[in-house]
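Asker: Below are the structure tokens for one structure; questions will follow.
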Amino acid sequence: MTEELQGLIFNIQKFSVHDGPGIRTTVFFKGCPLNCKWCANPESKDPRNRIAYNHKNCSKCKTCTQVCPNSAIEYTNDRIVINHDKCNFCLNCINNCPPHALYLEGKFYTVDELLKEVMKDEVFFTKSGGGVTLSGGEPTLQKAFIVEFLKRLQELKVHTNMETTGYIDTESFNEIISHLDLIYFDIKHYDSTRHKLYTGVSNKLILNNLEFAVNAGKNIVARIPVIPRFNYSVDDARKFIVLLKKHQIKQVHLLPFHNYALGKYEMMGQEYEYKDDKNLQNADLEEMLSVFLDAGFEARIGG
Ligand code: SF4
Ligand code: SF4
């Protein structure tokens with residue numbers, strides 16, 4: 001008997017109007033091969049399901065350390081620390097934590113289960129010209145699952161979009177994008193060295209896949225997260241334009257940096273490199289936007 005495919009999802013957001021045309025349901029897949037310094041979804045990075053800990057809710061009763069059969073939880077420096085390699089998901093800790101400071105980061109769905117969940121909003125997709133968007137994390141990390149899921153959405157004539165870093169082998173990328181109506185393609189930096197410094201990987205594979213998607217005739221929107229100290233200048237805008245023109249991209253979304261994730265980093269007990277950076281407002285990006293518009297792009301600020 002073959003095992004049924006399962007996808008690990010960390011959020012499903014309904015009635016989204018920023019992730020493609022119309023009203024959409026956006027499915028956030030867990031796991032990401034990049035490690036962007038400004039990441040807004042730190043809980044999405046680990047491709048495994050994990051026990052998550054909200055230290056603000058913790059009453060420091062230490063019950064979890066006593067009920068864990070694998071000694072995977074220690075209490076140290078006024079907080080608990082979980083050794084995820086020792087955890088076998090017995091869930092004793094979650095079930096015995098009085099203030100619910102512990103919970104599972106993600107949830108597994110079969111294709112049927114996920115389809116059932118997203119199709120609850122079919123009427124909104126139909127009326128608004130919307131559909132389903134895959135996001136993350138990086139959805140392509142769960143290739144086998146998303147290909148099946150996208151095929152089923154296509155059979156139901158639901159519009160499909162995917163927000164992607166494009167960081168996956170080109171053969172797999174090819175298979176996935178053949179089931180997409182639209183691609184929101186993250187282009188974080190035009191320079192490979194800076195890309196690697198701030199995300200952990202070079203942009204070479206990403207740009208290869210971008211070229212591949214363009215040659216395949218896909219409908220592509222380039223999404224540029226505008227990040228202080230990384231790519232936030234008019235000079236950067238001009239250099240992005242050279243790159244995007246080379247790849248015949250016409251649509252651009254500039255996404256202003258925000259630090260709303262600060263609370264998540266604090267909750268997870270992780271250091272956030274952008275903790276002292278202020279949110280960028282739309283007005284802060286107007287100059288960059290003008291450069292794109294003057295160069296003939298269909299550009300806008302935000303999704
Ligand atoms: S059982 Fe819950 S409240 Fe008690 S120490 Fe563990 S995480 Fe904190
Ligand atoms: S789920 Fe079970 S094994 Fe994992 S940390 Fe909690 S009590 Fe320990």
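From the backbone N, Cα and C atoms, a Cβ is placed for every residue, glycine too.
Remember, it's a predicted structure, so these values are computed and weren't measured experimentally.
As listed in TrEMBL for this protein:
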DOMAIN    18-298  domain 'Radical SAM core'
DOMAIN    49-78  domain '4Fe-4S ferredoxin-type'
DOMAIN    79-107  domain '4Fe-4S ferredoxin-type'
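Quick one: how deep are these features, and who are their neighbours?
Answerer: Here the domain 'Radical SAM core' (18-298) has a mean pLDDT of 96 out of 100.
For the domain '4Fe-4S ferredoxin-type' (49-78), same-chain residues at least 6 beyond its ends with a Cβ under 8 Å from one of its own Cβ atoms are 8, 30, 43, 84, 86-90, 92-94, 96-108, 266-269.
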Asker: Per DSSP, what is the residue tally for the domain '4Fe-4S ferredoxin-type' (79-107) in helix, strand and coil?
Answerer: 4 helix, 8 strand, 17 coil
Asker: According to DSSP, how is the domain '4Fe-4S ferredoxin-type' (49-78) divided among helix, strand and coil residues?
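Answerer: Looking at the domain '4Fe-4S ferredoxin-type' (49-78) with DSSP, the answer is 5 helix, 7 strand, 18 coil.
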